[in-house]
Structure formats: C-alpha cells, structure tokens
Amino acid sequence: MTTLTITRPDDWHVHLRDGEVLADTVRDISRYNGRALIMPNTVPPVTTSEMALAYRDRIQAHNQTEQFSPLMSLYLTDNTTADEVRKAKASGAVVAAKLYPAGATTNSDSGVTDVKKIYPVLQAMQEVGMLLLVHGEVTTHDVDIFDREKTFLDNVLAPIVQDFPDLKIVLEHITTSDAVVFVKNANENVAATITAHHLLYNRNHMLVGGIKPHFYCLPILKRNTHQLALISAATSGNKKFFLGTDSAPHAKGAKESACGCAGSYTAHAAVELYAEVFEQAGKLENLEAFASHNGPDFYGLPRNQDTITLVKDAWPVPASMPFGGDIVVPIRAGENMEWKVK
C-alpha cells in the first residue's frame, strides 16, 4: 500500500507549553489534526476554568487553520474543589481533568499528594461526566522507576476504578504489558492512550551505545517485551486504545544537559510515525480506528467528518526545529520518514 486515506485524526494528549513557543507548537499540532487535548502542566498549572479558557485563547491566537480545535483540561491539586469541576464542565471548553501524582513528571510538583484527598472531586466528575486523565506512576523513592506504572495500577488506579465505576478514565501514555492487561480487563469506562515513541522505541534505544537524551521521557521507555505488548494493543483495533502523542517539547539545551528534562517531541510527524508502526505490524487497516475513531467515541464526541491522505514518500526530518527563541530536536531528527501527509 502506498496511499492511505483516513478520517482526520485527533491527538488526545499533547503538551504545547506557553508563551512565545506557542507559535511553533500550535503550527505543528494543527497541521492536520482536527482536535488536540492540551495538557495543563504549564507554569503555573491550569487549575481553574478561567485559566483554561485564557490558555485556549492564547493557543487559538496562533491557530492558522480552520479545522483545528484545542480541547482543554484542568490540573488537579489537593485543593481542587467539586464546584470548580462543575464550573469547568459548564464552560464547554474543558473536557477532562488530569491527575498528576506530585513529582511524577515535568511541572507536576503541584500535583496530588494522596488520591483520597480528591475523592469528592472524582465524585463530582463522575456526576457531571468529566473524564479523568491519569499519569499512571507512583513517585515514592522506594519504587524503581521501571516499576512505577505497575505499582500505580495495583495500589492507586484499581481502587479508583472500583470506587467510581461510572467515571470515565484514560490511563495516559501506557508503557507496560501490565497496563495493557489492566485496561483490557477493566470496565468499559477505562481506556488508554499510547504514544508513537513508546511504540517505536524501547530502553535499549535510549541507553545502548551512549545515552540518547531525546528518547528520555516519562513514563520512561521500558524493555522490548513491553514495547511489543503496546504494539499489539495499538494495532489490534481494540476500541479501548487510541492516539495520544504526549509530544512534549523542551529546548535542546534542556535535554542535552547533566540533568536533562523528560519529554520527546513528535508533533511534527505524529500520524506518520504511527503509520510506520502499523505498517510494520501488517495492520495499516486499523490505523484509522486508533487515530481517528476510538478517541472521539470514548470521549462521546463526534468523529471528524473530513479526511487526510498519507502517501509512501520519504522526506527528511530536520536536525532541529524552531522553539520560540530556541530550538527543539524532534524525534527522528536528521533521519528520513517513510510516510507523508499530502
């Protein structure tokens, strides 16, 4: 197959950052996506509906397309209230709230210290139909970084699913076979996003032959057996799994340093990267469901009505891309992509 036409895709998990870099991140995310769910871990974090609407306006100021629409999310803290959830839902622009365990990832220091503290908030979310997005890692120092996801599933997420059976939950950027099994076995209100980089790479790519800082992300890349489980889930056609890039830009100097930031930038070629994975798995026919159908179906939103076309046509990814007054090194920098969006 050299040409593939699919319903216009959406990205259900992306970081655009804020300020002058929006000119670059919005350009990339809006190129062919219909919608993108914008993560709220900016500085300061987006903790109220007013902040979410103001952030949306800043994003829209750089949107040069007609088809793209940003969807907003709230950042949950120990101090989030049920009233704030109801207010956010009523705004019409905020579709989800994000649970970051405190310290789990970039700009998550304001996150939730104990999930029991936000049980009244989760109850309100269940009542009004607001989705819960979860960064599924524990942050206690006695848990190995490669085991954080599994421990979170057992100790934190399983009780939430049991206590709030009608709450729609998205386990974001899953990285383990354990997460795949958890989502498959959970009730119909539990789904997951999978990133392109966790499908394409494993920890060997990051660590063998020298440390590759641009592969460093959180949750961290796991061993290849987990990678294979993710590929199987993503390409299976199972409606519980859908596209969320977790594209997370950092300036080159912040990545290539003695204490580098976590995050990989993939928004420049997201659906093209996924197409390679699906082609290698012999499942290109399932790309449309993963990229364009399963996400809006789970969120209770209409599918996009128009299409995009991918063609098998190699093109070079630049060594770096503009990022405000700095540069970002994208995934596949200096290499060729196999698929291109016409």
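Positions of Cβ are set from backbone N, Cα and C atoms, glycine also.
Since the structure is predicted, the reported quantities are computational estimates derived from the model, not experimental observations.
Among the candidates ASP246, ASP297, ASP306, ASP313, the residue that Swiss-Prot annotates alongside HIS13, HIS15, LYS98 as binding Zn(2+) 1 is ASP246. Binding of Zn(2+) 2 is annotated in Swiss-Prot for LYS98, HIS135; the matching candidate from HIS62, HIS141, HIS173 at the same site is HIS173. Binding of substrate is annotated in Swiss-Prot for HIS15, LEU16, ARG17, HIS135, LEU218, HIS250, ALA262; the matching candidate from ASN41, ASN155, ASN202, ASN286 at the same site is ASN41. Of all Cβ atoms in the protein chains displayed, 24 besides its own lie within 10 Å of the Cβ of HIS15 (Zn(2+) 1 binding site). Distance between Cα atoms for HIS135 (substrate binding site) and HIS173 (Zn(2+) 2 binding site): 8 Å, as a whole number.
Comparing Cα positions, ARG17 (substrate binding site) lies closest to ASP246 out of the binding-site residues LYS98, HIS173, ASP246.
The Cβ of ALA262 has fewer other Cβ atoms within 10 Å than any other of the binding-site residues LEU16, LEU218, ALA262.
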